[in-house]
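> The structure's right below; bear with me while I get my questions together.
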Amino acid sequence: MDKEIIKQHKISDEEYQEILNILGREPNLLELGVISAMWSEHCSYKSSKKYLSGFPTKAPWVIQGPGENAGVIDIGKKMAAVFKVESHNHPSFIEPFAGAATGVGGILRDVFTMGARVVAGMNSLKFGNIHDEKIGKHQKYLVKGVVSGISHYGNCMGVPTIGGECAFDECFNGNILVNAFALGTCKIKDIFYAKAEGIGNPVIYVGSKTGRDGLGGAVMASDSFNESSKSLRPTVQIGDPFAEKLLMEACLELFKTDYIVGIQDMGAAGLTSSSFEMAGRSGSGMRLYLDKTPMREEGMTPYELMLSESQERMLICAKKGYEEKVIEIFNKWGLDAAIIGEVTDSGKMELFWHGELVGLIPIEPLSEKAPILDRPVARPKYLDEIKNYKFNLNISTQEAFEKLLANENVSNKAYIYEQFDSSVQTNTLKSDGALGANSIRIKENNCLLSMAIECNSRLNYVNPKIGAAAAVASVGRKIACSGAKPLAISDCLNYGNPQNPEVMWQFAQGCEGIKLACKELNTPVVSGNVSLYNETDGVSIFPSPTIACVGVNEKAENVLKSYFSKDTSAIYLLGESKGSFGGSLIAKILDKKVAGELEDIDFSAELKLWDFLLKANEAKILDCANSIGIGGIAITLAKMCAMANLGINAKTNFADKSFIFEESPTRVIVGVKDEEEFIKFVNEMGINFAKLGNLDEKDFILDDIKISLAKLQTIYFDKFNEYLG
């Protein structure tokens, strides 16, 4: 085969030799395209699988861990929560509206294909410098396009987007991150899996017709960007949320029957990945008649049909004899449905075109036994250069505070979350903007389901292992602050070019941090995604392992607020402040540095803090609780006051005034109802605590900082809109 064609398919010399060994001959173009997609980083996880294998994935409440379309946990009274987070970074950078919209569509399908109705969405967004003279305007365009795409798709689907995070840093100038999370619920007995078994069982294509959009998407998402990447725009899929809504309702109707064996979303690599994954999981073979595929465009080829990433499509393995009943359901909802193949016992994928065999590929070497790479790793040299950094506050705490409050990483993101419908389905208890975790009521069992998503990329740059562990601890802490017990996580691991040994070292360390934290905190990994090649012109993003956590309280009425109210009688700090300025926002703003060292996570102290929060909430001692994050105590208090429309008069006992900005983990601000009961309770449980102060009607006073509540709110609520223009 022509070497240029092989190169265009991102197949290495070693991989091509392996293809020859597997097939026993030269591949044709169709076979090369299929193998290229299945062996892409996006589909095969060939660089990352080695490090993912040790993740803790089991617990009594885990029903389904990694390996399916989404993870599943038991949330009580025979109900399950189905959830996953994944990336759509590369398409969103090329075409922000369409890329973000189809990212939402893809994650929704991953959840409802398991048999669950989607009840909540979240997102984690990272953009570059919006103030830069050269690229600031483009970054603002990306922000607006991505947010518009997410809101368009989610709102049209009738799925509440209830939370998320949005951060900005120069490391994302050339590669933005768009990570989408979805959660659904169903009865445990009604969960469906992606399998294709039973010789002769029909394979049915359902959903929208196949077009040429998204061709080569999986391969594109497995490569770095450069100046010519704008030409990749045709590889970004086009989404139709109204078609997806019909598809979801049709699938949920189908799931009430006994007509099917398994079902799989057509995501990256389209018909290729769905067919190979279903057959591969089941140890089966499959025969596909590609000319039977519903087509949107004329003259489409087998290559295009196998690799198109047109949206809103599913592949079903039905029980023989029930195929017409399946088709009838989808036709009723105005969707295409066609029998395009059947299950075999050959262990091979047989591809036919108008009766002619045009492709014959063994399934296992492309699915369950795809190549795994052992890439070289090297500790980055920059770590030695940054570790000795020490932060010194050289301006007044008042000035530092106002700079932090006005920073785009702190200021309120109402511009974003007000575009999302957070109350549709009428289950939302805490949505975006309410600080901390987001919560919904599950009407079927009246439980509180809380979820949070986060990644502090600066911490992961300073120490990839501790930074990843800190993300796991932080989302769990937010869940506990909402009154729910953290149960499990889903991860989306965003890193740079795996061909760079320093990036692979960061990735390996990040995985170690997640393994350690999940094991110690008893929050297993149930689903996830890896996004590599987040690099442009040789510049990689900071390591960014996004972690989403889900937790439960059996009583929905036990939801705990994240900011003060008139019922707050006193304000307390829980946890120990250790002067951790490594990777802090204050260091980035004042010294223009992402440097220093991180404190190890004290997992026993973390668990003790979670336990206290849950028990104190159960005892009705707390009015509110909020995990301390970027900007430290000062910014956490400021947000709680701004949201509550209440001031405070507070004082710390720190010898170093700058400690109000440090970012030590395992700390929480609580507003207490009954101070006497609180002190008794906190002493009994052995939690480190210190009184900060009380509410104030008009001013925000913290040590040397004094600002009117009105001015604080103006800065906090208005700055982000000013920046976007």
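Every residue gets a Cβ built from N, Cα and C, even glycine.
Below are the features I grabbed from Swiss-Prot:
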ACT_SITE  His42  active site
BINDING   Tyr45, Lys84, Asp491, Gly528  ATP binding site
BINDING   Glu86, Asn529  Mg(2+) 1 binding site
BINDING   Ser87, His88, Asn89, His90, Arg109, Gln237, Glu309, Ser310, Gln311, Ser531  substrate binding site
ACT_SITE  His88  active site, proton acceptor
BINDING   Asp110, Asp265  Mg(2+) 2 binding site
> Please tell me which one of the binding-site residues listed here (Ser87, Asn89, Asp265, Glu309, Asn529) sits closest to Asp491 (ATP binding site), measuring Cα to Cα?
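Nearest in space to Asp491 (ATP binding site), counting only the binding-site residues, is Asn529.
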> How many Å lie between the Cα of Arg109 (substrate binding site) and the Cα of Lys84 (ATP binding site)?
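That comes out at 11 Å between the alpha carbons.
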> My understanding is the cutoff is Cβ-Cβ under 8 Å with a sequence separation of 6 or more in the same chain; which residues meet that for Gln311 (substrate binding site)?
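Long-range Cβ contacts: Thr102, Gly105, Gly106, Ser208, Asp213, Gly214, Gln237, Ile238, Gly239, Asp240, Ala243, Glu244.
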> Output, ordered by sequence, the same-chain residues six or more apart from Gly528 (ATP binding site) with a CB under 8 Å from its CB, or 'none'.
Leu52, Pro66, Lys84, Val85, Glu86, Ser490, Asp491, Cys492, Leu493
> Output, ordered by sequence, the same-chain residues six or more apart from Ser87 (substrate binding site) with a CB under 8 Å from its CB, or 'none'.
Gly103, Leu177, Val178, Asn179, Ala180, Cys492, Asn494, Asn529, Ser531
> Among His42, Tyr45, Asp110, Glu309, these being the recorded positions, pick the one whose CA is nearest to that of the residue listed as 'active site, proton acceptor'.
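The answer is His42.
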> According to DSSP, does Glu309 (substrate binding site) fall in a helix, a strand, or coil?
coil
> When the number of other CB atoms within 10 A of each residue's CB is tallied over all shown chains, which of the recorded positions His42, Lys84, His88, Arg109 has the maximum?
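Answer by Cβ density within 10 Å: His88.
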> For the binding-site residues Glu86, Asp491, work out the Cβ neighbour count at 10 Å and name the residue with the minimum.
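Comparing Cβ neighbours within 10 Å for the binding-site residues Glu86, Asp491, Glu86 has the fewest.
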> Would you identify which of the binding-site residues Asn89, Asn529 has the most other C-beta atoms lying within 10 angstroms of its C-beta?
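Checking each of Asn89, Asn529, the winner is Asn89.
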> Can you tell which of the recorded positions His42, Asp110, Asp265 lies nearest to Asn89 (substrate binding site) in space, using Cα positions?
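Minimum Cα distance from Asn89 (substrate binding site) across His42, Asp110, Asp265 lands on His42.
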> Counting distance between Cα atoms, which of the binding-site residues Asp110, Asp265, Glu309 is nearest His42 (active site)?
Glu309
> What whole-number distance in angstrom separates the two most remote CA atoms of the ATP-binding residues Tyr45, Lys84, Asp491, Gly528?
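So the maximum pairwise Cα distance among the ATP binders is 17 Å.
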> What does DSSP assign Glu86 (Mg(2+) 1 binding site), in three states?
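SS state of Glu86 (Mg(2+) 1 binding site) = strand.
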> Give the helix, strand or coil assignment DSSP yields for Asp491 (ATP binding site).
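In three-state terms, Asp491 (ATP binding site) counts as strand.
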> Using only the residues recorded as binding substrate (Ser87, His88, Asn89, His90, Arg109, Gln237, Glu309, Ser310, Gln311, Ser531), report the maximum Cα-Cα distance in Å, whole number please.
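If we measure all Cα pairs in Ser87, His88, Asn89, His90, Arg109, Gln237, Glu309, Ser310, Gln311, Ser531, the largest is 20 Å.
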